[in-house]
Structure formats: C-alpha cells, structure tokens
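Peer 1: Before I ask anything, let me first share the structure, which is written out below as structure tokens.
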Amino acid sequence: MRLPGPIADSKLLEFQVCDVQNRRIDSPKPLRGQVLNTVQNQVAGKHGGWDARGPHFNRNIEKIQTYAWEITKSGQHYLTLSTGNARKNYMPSLVSSHKMIKVIKHASVMSPRSLSLLLLTLANLLIPISIFIFATGFFPYKPFIPGRATFQDPNNGGQLASAPFDKVIFMVVDALRSDFVYSPESGFKFTQALIRSGAAMPFTAHATSPTITMPRVKAITTGSIPSFLDVILNFAESDTTSNLASQDTWLAQLKDKQGGKLVMYGDDTWLKLFPDTFLRVDGTSSFFVSALITLGINPDHEGSPHTRSCLTRSTNSPSPHMVPKQSEMDGIVEQIYRAIETEEHLHSTLFVLCGDHGMNDAGNHGGSAEGETSPALVFMSPKLQTISQGSESPVALPEATFSYYNTVEQSDIAPTLAGLLGFPIPLNNLGVFIPDLLGFWEKGLLLQNARQILNIVRGAFPRLSFSEAETLDDCTLAMSAGETLSCLWFDAASLVDVPSHIDTAAALHALTRFSKHAQDVMSSTASNYNLSRLGIGIGLAALATVAGTATVSTALLETQATGLWISLVFTAYGIMMFATSYVEEEQHFWYWVSSSWLGWLLLKRRNAATLPGSLELWFAASLLVLLRIVRAWNQTGQKHAGEPDIARTFLPAHNILLWLLVLVTYLDVIQRLSRRAVPWASRHLATAASLALGIAALGFKVAFTKADAPELLEGLGYLCVRPFEQASLVAQARAIFTGIAIMMVLTSFPAVYQRVRGGRETKGRGQLKPIGKSAH
C-alpha cells in the first residue's frame, strides 16, 4: 500500500489519534490492525521517522470521531482526512470507516510534489516567452524601400546611354563551389577554355551566411543581405509570406521592360519566390528531388531571359559522380554558348553561370565555412573579348581558401546585371557594380550605383542629411558609421559634381570607396541584433532551465553519484553551447561522455565481474566496441568532414552488406509495429498493416536510391528494383507518410479515449458520502 498525494511526500505532518470528544488517546495497548503500522513504516522509511510532536501509532483506538468521508473505488475504501480549512487528502485503508487518523498543521505546508508541479508549469510557460523575446531581438529590422526603381527617380541617377546586352540566360547550379569550375580537376573544360580566350570573366562570389538556397536567391535577385529568418522559410514549402512578388528585383525589372518575357526551368524555389513572374515554367521540387536530375534547356527563339537551376548536390565533393556531373553541366554551357554564337538574334545575350552557395568537404552547407561561402560566378559572351584579354585557367587551389580570381559579393550581381542590361538598379540593392565590367561604358554607371545605395543609407540613418555641414576633413575621424558614410559621400559628390571630373580616376575611386563602405556597413546592420532583448530572452530561458532542473533535483539527489554525474554532464554541455566551434563538433562531447560513463559503470561493478568470462564484463566491453563503431560510422562536424567513414566509404563499396543491414532494420521495425501498433485490432490485422507499410517504405527507399545513386544497387538484380519504379517518388512518399499518420492515429487515439473515459467513470463512482459519527 502506498500513500498518494501530499501525505506521502510531506515531511512536516503532525499526527494525532483522537476519541469521540476529539481528545487525544495515549493508551499503551498495541494496535491489532496492520494498516496504520504500514502507514507508519512507509512514511518513516521515506522521511526518516515521524515528527517529534506527534505520538507513535502503536496505540489502541477505541471510539474515534470521524471527520471522514467514504469513497468507493474498485472495491477499496479510502479515508479523507481534513482539519478545518486544510486540504483533503486521500489515504488507502483497510480499517473500518469509524477509525481515522487526524492530520493537523498540514495546511501551511507545501509538499515537494506540489512545488515540483508549480516549477514545471513555470518552466513550460517561460520557454515560449523566452523564445519569442529572443527571436524579436535576433531577427532585426532591415531598412526596406517599397516600390520599384525607375530611371525617372533622381536617386537612381538617370538612364545610361546604352546597354551592351538585351537578353540574359541565368544558370544557377546548386552548391557550385568555385573549385568545381576553376581547378585542374574540374569537369568544366569548355568553360575554362572560354576563360582563357577572354569570352568568359571568372569571379568568386562571396555568399554571406546563411548559405541556404532561398536566402542566397534573394541576395542574387534583390542585391540585399538575407537574414536567418529566411533559413526557416526555406523549409516552408507552402509559405507565401517570403516571396519577392512585392519587392524590386532584377527579374521584375526585366519583365517590366518592353517585350520582356521570362522562362524558368528547374528548382521550384524560384516559383515560390517569384509567383506569376514567368511566362513558361518547368519546375522540380527542391525539397524532394533526386540530386542528380538533369533538366533540358533550349534557348527561346524569342530571346527571353532564362532562369535555370541544376541540382548536383547528391554526395560529398570527392564523390566519383562529381566530375561526370560537372562535365554534363559543362556540356549544357557549351550548348547555350554555341547558340549565342551562331544564332543572330542571340548575339546580344549575356550568359551567367553561378552557384547559389558552396559546400564543405562532406557535401553540406548552411554555415560560414570557406567552402560554403565561395560559389563560382562566370559571365560569358563573345562581346566580353572586347574588354578582357583572358585569364589563366585552370588554376591551382589558393592556399587554405577557395578564392579564385577576384572575389566579389554575391549581392553585386544585381547592379551588374542592371548596368549590362540597361534597367534600373533595384531599390533595396546593396551590391556594387563589378569594376572589371566597367569597360562597356564611358561614364555614369558607378554614380548611378552610388546614388541608389545612398538612398538606402539615408533610410538607415535618418538623422543625418549627408550634407556638407556634417562632413569632416578626415573621414577616419568620424565618430559613427553614419558620419563616416556622410563624409565619404561628400568627398565623392564634390568630385562628380564637376562634369570634367566625373570619369577621372579620383572620382571613380571615391565612388567605389563610398559604395563598398556602405555595403559593409549595411551588411552589418542586417545582423545588428537587439542585445537587450537577446539578454532578456536568455535570462528567461535560464530561469526556465533552473525551474525545470529543480523539478528533478530530488530524484537526482536520491541517486547520489549518478545524479551528480548527470548534473555535471548537462552543465558542461550547456556551457559548451556558447562556443560555435564546440557546437560544430558536439558529437565528440557525447562520445567522450558515453565512453567515460560506460568505463565508470564497469569499474563500479568490477567486484561482480571477477572472472575473465564474466557476463557483465563482456557486456560492458561490447558496449565500448559498439560505441567505437558509432564514432566511425559517420564523420560529421567541420574538423573531420569528408574523411573516410563506414557510411560513405565502406558500405557503398560493399553494397550487399549495406542492403542486408537495411533489410534487417526494416524487418525489425515491422516486427515491432506488428506487436505494438493497433492494439485493439487482431494480431493478424496488425501484422498485415505493419508488413504492408514496411514493404512500401522499403520499396520507396529502393526507388529513391535507383534515381539518386544507382551504383548502390549493382548486383541486386533488375527484378528487385522494377516493381517500385511504376509510381513517382513524390506519390510514394505521400502514400507512406499518410500510412504512418493513419497508423499513429489508430494506435494512440483508442488508448487516449479509454483513459479519458475511465477517468470520467472513476469520478462518477467517487461521489463523497457522509458516514456520520456512529461506529459499525
């Protein structure tokens, strides 16, 4: 028998045994019943004895005044103990209902269980509040100018005399790191030949973090600096709040040009970002697609600008499929360039090849590692030979970097395209025209770019008028970033205001200096976090952590050494999360903790394992061996990314063993589902449903592997693959996830319903009934 509720947990209860006149009984005769002795033993064993103010329970009970109510539940009798306004407490009992224990001085005591419940509730309330406050400080406000730029806008500098190109084919290759195009090991041989001839101008386009597709596409098309909020929206397949339909982009400017038509082939991220923008589309889901898919492209005979996205990120960069895939992409580049050369209506077409971001050696991206932030950028056209003498290609990898040729910002693409195609620079652009392409103009382009950036700078620093009165003789003496920009702008404006000086080297240098510095300042503004809100959010999260930890403190303290070890581990883990390098290598912390824990358990129980063949000794040794295998299974993090491991090096070379492990895993899952899923149904029905779902999931895995990495199916036989190729991968995935959802509902809902119904029936049977004072 166990004492429920606050009685079993309270340490400060004072007990009295009373008679019918509510007088204390001190009879020395022993109690013949066993219930009160059981109560005494439980509470004394839990809390180390009774309160000194109360009597022992070894007393004879004659006639007892009953302040009690009898509750019948499942054939057992309960006594409700109360004193005045004190709370009611239920105690299981086998004694007759005319006997009782009176609890006094209980109302002033909060039991540990009640305190734990209060702290747990407080922690759960503080967690969402802290996240919300932290998020409002982590996603800062960025100056945004609504509308669309026009040449009539005085801040845009006016229209230039002419543009060298009237069409553009814009080809984006997912995760196209710079060395994939420029290194001697690259498969882009034709592109390298164009670089040597001067028909192609190569750059490394620096991509700021986060290096995720959607934020990088925003940077490329608007010239602005993306935020980390775009990382969340990148996975929102149905999100409509993150599109750029209402923003000024170079795609919108192209469409607004007379006769402007846009066609898109590839990643449907562009369709979500630019709804109702393209005349013709052929999109492929970016979230669920084989990363080795190749989409055809055919330059439109009407010369429409094209946007293309090719997915090539199936494996890590040393993959044997990388060079063949690069050669395939290079073949598409050659096909497009030959069309530009031979088709008369395409002679004024600019061809741009770029990556949205790079990747690390493990094939991942999203962070700020050198490989992730260094995609390639190539401008191609026969017209470029008039301003370029060509560059050496291929070239060796720069030491410890991926910065080939000149490095530009990815946001510089927007103003560069605006100048090359003759449309206004997007209003929210922070990019600077790439200086290497200035040879097409005699004057005015940098001034147009600088005035457009100045418009954004004024929005960020509204208290400054950027007039002569606010300038300094030496811009390095400025007290703030806004004052420095004001000074730099006045220096540039004072030179360009004189017509004879507008194209002098000094004027061009001053405009470039202002534009570059403004780009740096405004880029940092995009990450200008609200530190006070971040501090409040972290403080509330810390308070929630303390409250949550307090709820389990009793259990941890009771476990003594184990609780101390767990507390130290989680404390060290929390401290480690404040360092980004430790976050990147978090797995090594858990490897070390797991090894230490298993070693400590082995030492603790060494007396029980005195023989060499002890079962416990072998069991502990087996766990250590398994842990070592887990460490070598998948090399993650940054330090060891791309190094040989079991998952990506050993198993692909032994695909029979790989699929044997896959089959064993699926059979184990099917067996577990058949035992635990749909408990209310017959065993045969549960087994059949689990088997059907497991086979469908295995078939989907085989079909996806056939599309993504067909070499992993070599030697398995065509008949094993063919049955699963009939339906599309998307349809198979939807069917499987629907089946999983149905299985979860059929498994969990009946159990929840029965528990709720059982609680209501118990409450209905537990109506309190007065007993009265008579003894039975």
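Here the Cβ of each residue, glycine as well, is placed from N, Cα and C on the backbone.
TrEMBL does not curate its annotations; it predicts them automatically.
I grabbed these lines from TrEMBL:
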type	residues	note
TRANSMEM	115-139	transmembrane segment
REGION	303-325	region 'Disordered'
COMPBIAS	306-319	compositional bias 'Polar residues'
DOMAIN	526-756	domain 'GPI ethanolamine phosphate transferase 2 C-terminal'
TRANSMEM	534-557	transmembrane segment
TRANSMEM	564-582	transmembrane segment
TRANSMEM	615-633	transmembrane segment
TRANSMEM	653-673	transmembrane segment
TRANSMEM	733-753	transmembrane segment
Peer 1: I'm checking region-level scores; what's the whole-number mean pLDDT for the domain 'GPI ethanolamine phosphate transferase 2 C-terminal' (526-756)?
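Peer 2: Reported value for the domain 'GPI ethanolamine phosphate transferase 2 C-terminal' (526-756) is a mean pLDDT of 79.
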Peer 1: Short question: which residues 6 or more past the ends of the transmembrane segment (733-753) have a Cβ under 8 Å from it?
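Peer 2: Long-range Cβ neighbours of the transmembrane segment (733-753): 288, 673, 676-681, 689-690, 692-693, 696-697, 700, 727.
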Peer 1: Who are the long-range neighbours of the transmembrane segment (115-139) in its own chain, taking Cβ under 8 Å and residues 6 or more past its ends?
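Peer 2: Same-chain contacts beyond the flanks: 227-229, 529-534, 536-541, 543-545, 547-548, 550-551, 554.
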Peer 1: At a C-beta cut-off of under 8 Å, are there same-chain residues at least 6 beyond the transmembrane segment (653-673) that contact it? List them, or none.
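Peer 2: Distant contacts of the transmembrane segment (653-673): 686, 689-691, 693-694, 697-698, 701, 711-716, 743.
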